[in-house]
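*Asks:* First, the structure itself, so that you have it in front of you.
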């Protein structure tokens, strides 16, 4: 009885008793959800256009953020280092396409997946040698991102909204909208989607596989940089950031591997639900730190009912 | 020349399906076994046992377990590390609850627990496929490691949260714990690994193995020709997790001596996956070749600069290691996506028809 009360009654009573705290929890969840969505978006883009499950997206976030901070430490002005970092990400995209992907065209999915794990390891070693392993501070104020906070008082309580979080949400929203516009309205975007639908058909109407792959990996690099800046200004930049890649995987499962909408909605859902679960159920009942697995279990349960995720393409199997 | 097959005729179907259709293969295996059982133990130093021989065997066994699931039954799993953990913790609990138990029996039994957990986490595979399943196995990975950390009963409420292997003896020899000699441990590992490998070879050649392969190649088609997918997938999960669990118990009891929950975290899973893939999915021997490469490489990389008289700082060396392993994985995938086993098969084909090109 006591246990049932703790599971089914007490958490909700807490929520109603302190709505301001609930809102704060939801806001925090929303912000991390936005970042999960961003990483998932990088995955989805690459998966849609090449069927490559890009495990390296997480390390690309770290690498982009480290390059940015590292360049700034060398005395390059903030905005120029952003431009240079974009250049580095472009070079990375070209190199990956040339060295890794091109020789592996047409191999089974698992081989390409392993290759991206190889890229991950390489980038970890490379990044540690060049930038060192210690935690660095993101150059938030140098980039002109406001750092204060807004204090609201709903229901007579406190609700603190950090400016960086608001900026992150706004920038992410802009990025998603412009990405959707790019994919749906431009020639290049249509080429990406065509390639995702059918490689051979796309090749036969003259779409260049190589160009599109470089482009897609570059876009994933841009997304990685934005994610890196946003996450880095909250938690600092180090290789510990890599773990957020593992947070994006259940988002993909929940939303569906091919779906951009799925990545966004899945990310927001997981961000908020895992915070709620941790605060109201995980910490009091299970000893805390449930965030490491909650998203996976949630996604697993959803997948049992919808094997293609919430928004994925319907799986049609033929013999 | 060495592999000339002239004069070796097959007169029955049975002979054609034998484990060693060519006499030289049997000879080669015999040579390897003699090396493993006699030559290495006589010549190896303490250091070699600890850093090369024992870990190679244990990692090969773990990769063999994963390979049965991923290479033979086609179910990609990223949770190997956690299943190794289940084996290790199960063994630890059995040994501490029942100290009179024979350690080898405890190790072999601990696989049963991980097989149970494996089947439980394998149930989604009936609905979920491909990369979705791979991510689903990560659920097992993260959940189990969290459980190892939070469920104090598992590590007997130690203040450190880690498990310490006690001194265990068998027939007057210490086989685990601080007092055990590396050579005894090596022999224990070698016995278990040889036994399980032999069983795995015959299992994959038999009815069950063919069912797995049919499921891997196309599960719907397999279902249409009358294969029970549930049985096929769940047995693959069970057998694979059993072997992985035993490997995990060996990993802690015969090699590491102590373990913290984060030892079984995702890097371990990936390490085993690398071995299986670089060795070759769907092969038995590949696991050994892959393990030799992945375990041996860092050792080589650590000693080579010393021989050449170049001093490299250890932190830099470690990062260089990661980088080189990463690029080698890509390199091997590019030159031979089917793994080292395929490379050996090609060499063997060439040797058989040598000196003629066709």
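Every residue, even glycine, has its Cβ placed from backbone N, Cα and C.
So TrEMBL lists these for the protein:
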- B:26-43: transmembrane segment (TRANSMEM)
- B:49-69: transmembrane segment (TRANSMEM)
- B:76-95: transmembrane segment (TRANSMEM)
- B:101-123: transmembrane segment (TRANSMEM)
- B:130-148: transmembrane segment (TRANSMEM)
- B:184-203: transmembrane segment (TRANSMEM)
- B:234-254: transmembrane segment (TRANSMEM)
- B:266-284: transmembrane segment (TRANSMEM)
- B:316-335: transmembrane segment (TRANSMEM)
*Asks:* May I ask you to check whether the transmembrane segment (B:266-284) and the transmembrane segment (B:49-69) make contact, with contact taken as at least three Cβ pairs under 8 Å and only pairs 6 or more apart in sequence counted?
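*Replies:* Per Cβ check, the transmembrane segment (B:266-284) touches the transmembrane segment (B:49-69).
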*Asks:* Go through B:26-43, B:101-123, B:130-148, B:234-254 and flag the stretch with the largest number of C-beta pairs under 8 Å relative to the transmembrane segment (B:49-69).
*Replies:* B:234-254
*Asks:* Hey, does the transmembrane segment (B:101-123) touch the transmembrane segment (B:76-95), meaning at least 3 C-beta pairs closer than 8 angstroms, sequence gap 6 or more?
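*Replies:* Per Cβ check, the transmembrane segment (B:76-95) touches the transmembrane segment (B:101-123).
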